[in-house]
Amino acid sequence: MVYKSKITETSPEPRDVQESSMDMQPEMNGSDSSMAGLVIDQRIIPDSNLPTQYVEGILDIANEGSGLLRPNFAPSDRDVYISASQIRRFNLRVGDLVGGQARSPKENERYWGLLKVEKVNGEDIETIGTRVHFDDLTALYPDTQIMLSIEDGPLTTRVIDLIAPIGFGQRGLVVSPPKAGKTWLLKDIISGIAKNYPEKNSKLKTPTGSGQRQNSKRVHLMAVLIGERPEEVTDIKRHMTDITDGMGEVASSNFDEAPDAQTRVGELALDRARRMVEKGADVVILLDSITRMARAYNLALPTSGRTLTGGFDPVALYPAKKFFGAARKIENGGSLTIIGTCLVDTGSRMDDLIYEEFKGTGNMELHLDRKLADRRIFPAINVTRSGTRQEELLYGKDVIPQVVTLRRMLDMVSDDERTETLLERLKKTKTNKDFLESLKVG
């Protein structure tokens, strides 16, 4: 269960056209039918003669049953009100991308009102069939590697492909001290995925379909930034827009926002990813960071009366673990890959506790080293501590012995020189394939 904050912004209830826009029956009684509004499927759409505009947003449902379409995940004045009757009629879920015609707000109304639902998750409402539920899908071990490296690309992605490969459906943890190059690493991962698996002109396959998925996968990229600095949010947004041609999404909250607002942005982004995976999409979420998300839940949720080290309430761990645990590969379907960052060596006992709680939950860990960063060795990846569980499922049969040889050769080098030695050897080749072929398999 994903914890959801209550939406308090609602449109006026009395005689609100939005609340009954899809349920009002036409009343002719000899009156002028031209003033009655548009009639569809024997249902009347009031105010259809008013100027309308096509709108689109992520559905966020309140406890009362009505909802808001949020263009940018976070609450704003550009949200569009959608009535509970429309949500029930079309079986809409939190996280659905809903589009349709909306009218401007009337007097004493704050939001635009959705008159008609036309599209859900990019499909016409008439063509939507039976929808599967994310929790009912069968989860498998990741067995297909996400290739991050590109020819003449950054060394960051090449090291990750060799030392800690990421598969479709991976649950990865990037453990980073302050000022170790975490933001640059995330941007390099975004660049590698966007160039190797562009989302444009992709065709999705439903999890209930038969046969094999297409060889050329298309990945939808999402960056979820919780409690981040505003300038870094801008940097990630611009990078995501440029590298994905506007196809990637960024859900962000600043550190000066209320804890409820920070957690709700993350929950809505996860629901958006789930809805896409239900359709058969391959989605990658880059979460920055798990530490700040858990801290926000610690302030947002009611206290349980128990306190762990550093003043942390154990109840706050469950929703953060629920987010991280959503990553999985779906049998005969898509996948949800989550790469989350975790802060260490910050001087906070709470941060150390959060890392210890999440240390065993992922199936891939990438450790950054502050000592390497201080020596200006980038990427500052600790190749000894980094790795992926059951990595043999991701590597090809011919690659496994080469990677084993690489690991044995690195063990012969001192701990302080392993990363630097690997980077120097990688610079002499253009691709990882050329690098591995240069190794002598014993």
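Quick reminder: no glycine exception, Cβ is built from N, Cα and C everywhere.
Keep in mind that what you see is a predicted model, and the values were worked out from it rather than measured.
Quick look at what TrEMBL annotates:
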REGION    1-30  region 'Disordered'
COMPBIAS  19-30  compositional bias 'Polar residues'
DOMAIN    52-124  domain 'Rho RNA-BD'
BINDING   Gly167, Phe168, Gly169, Gln170, Arg171, Gly172, Lys179, Ala180, Gly181, Lys182, Thr183, Trp184, Arg229  ATP binding site
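Structure coloured by features recorded in TrEMBL.
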residue	record	Cβ contacts under 8 Å, 6 or more apart
Gly167	ATP binding site	Pro142, Asp143, Thr144, Gln145, Ile146, Lys329, Thr337, Thr388, Leu393, Leu394
Gly169	ATP binding site	Ala139, Leu140, Tyr141, Pro142, Ala327, Arg328, Lys329, Ile330, Ser335, Leu336, Thr337
Arg171	ATP binding site	Phe324, Gly325, Ala327, Arg328, Thr337, Ile338, Thr361, Gly362, Asn363, Met364
Lys179	ATP binding site	Arg370, Ala373
Gly181	ATP binding site	Leu368, Ala373, Phe378, Pro379, Ala380
Thr183	ATP binding site	Glu232, Asp235, Ile236, Asp288
Arg229	ATP binding site	Asn254, Phe255
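Across the domain 'Rho RNA-BD' (52-124), DSSP helix (H, G, I), strand (E, B) and coil residues number 6 helix, 35 strand, 32 coil.
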